[in-house]
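Trainee: Swiss-Prot lists these features:
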type     : residues     : note
DOMAIN   : 30-161       : domain 'RNase III'
BINDING  : 74, 147, 150 : Mg(2+) binding site
ACT_SITE : 78           : active site
ACT_SITE : 150          : active site
DOMAIN   : 188-257      : domain 'DRBM'
């Protein structure tokens with residue numbers, strides 16, 4: 001059976017897609033786009049072409065040989081994405097209740113959020129859509145983009161395995177600026193610590209990595225936070241951001257105790273912290 005990739009490449013519309021889409025500029029080669037996700041490593045183009053094939057292609061009379069869309073990969077990717085995000089939240093919030101973790105996950109794994117991550121990748125311009133379909137509407141549709149992101153996740157899992165798809169999710173979701181807003185709210189101890197130091201006219205907190213232990217893919221980071229040269233707290237976690245949050249949480253606890261008179265040893269009150 002001829003690979004889907006070859007079939008798509010031979011279609012007239014595939015080589016003559018519009019040169020630009022609203023706000024996206026000229027789309028690069030689909031092959032180059034896929035390879036760019038993994039720093040040029042060899043990939044199964046067949047699998048990724050399927051992940052980016054919209055269901056309208058299956059019904060396109062100009063391409064009767066195309067019988068598969070990305071819907072099955074979307075189904076798989078939804079589960080893989082849910083697993084990786086659930087595992088991350090479980091580790092990041094060891095005291096979080098089932099309800100709290102579910103609430104965080106719902107903010108991350110939903111159509112609107114996933115469509116935003118898809119837009120960051122310019123996924124819309126790479127979708128393979130039926131010639132008779134409303135291409136511009138489909139390429140910018142929230143549900144279509146979310147589905148494509150899930151399908152891409154499923155393709156990465158089948159092609160590269162769990163570690164590779166976890167790395168992809170970390171880069172595209174967990175390390176994105178929008179992610180912290182989804183899981184932080186009142187638990188953003190770093191923001192609380194900054195607000196506290198500013199209100200007492202102190203220098204901003206400084207985070208220092210004290211140690212990195214373990215294998216490359218399972219490192220544990222210990223980070224210390226200080227202000228004006230005085231240690232305020234430290235935290236240990238599998239990710240630097242999480243260790244910083246734990247250090248800031250400990251620092252806030254110490255500072256709050258200092259303000260109420262319950263001062264722990266080696267933890268000065270804010271006024272004392274600012275002295276030379």
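Quick reminder: no glycine exception, Cβ is built from N, Cα and C everywhere.
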Trainee: Just to be sure I understand, if DSSP states are collapsed into helix, strand and coil, how many residues of the domain 'RNase III' (30-161) fall in each?
Mentor: 89 helix, 2 strand, 41 coil
Trainee: With the Mg(2+) site defined by 74, 147, 150, which remaining residues of that chain have Cβ atoms positioned within 8 Å of the Cβ centroid?
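Mentor: Surrounding the site, in chain order, are 70, 71, 73, 75, 77, 78, 146, 148, 149, 151, 154.
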Trainee: Let me make sure I understand the structure: which of the binding-site residues listed (74, 150) has the fewest other Cβ atoms within 10 A of its Cβ?
Mentor: 74
Trainee: For the domain 'DRBM' (188-257), what does DSSP give as the number of helix, strand and coil residues?
Mentor: 32 helix, 24 strand, 14 coil
Trainee: Taking the Cβ of residue 147 (Mg(2+) binding site) as reference, which residues of that chain separated by at least 6 in sequence fall under 8 Å from it?
Mentor: 70, 71, 74
Trainee: I need the CA-to-CA distance for residue 150 (Mg(2+) binding site) versus residue 78 (active site), whole Å please.
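Mentor: Distance between the two Cα atoms comes out at 5 Å.
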Trainee: Give, as a single whole number between 0 and 100, the mean pLDDT over the domain 'RNase III' (30-161).
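Mentor: On average, pLDDT over the domain 'RNase III' (30-161) sits at 85.
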Trainee: Determine the Cβ neighbour count for residue 78 (active site): the number of other Cβ atoms within 10 Å of its Cβ.
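Mentor: Residue 78 (active site) is surrounded by 19 other Cβ atoms within 10 Å.
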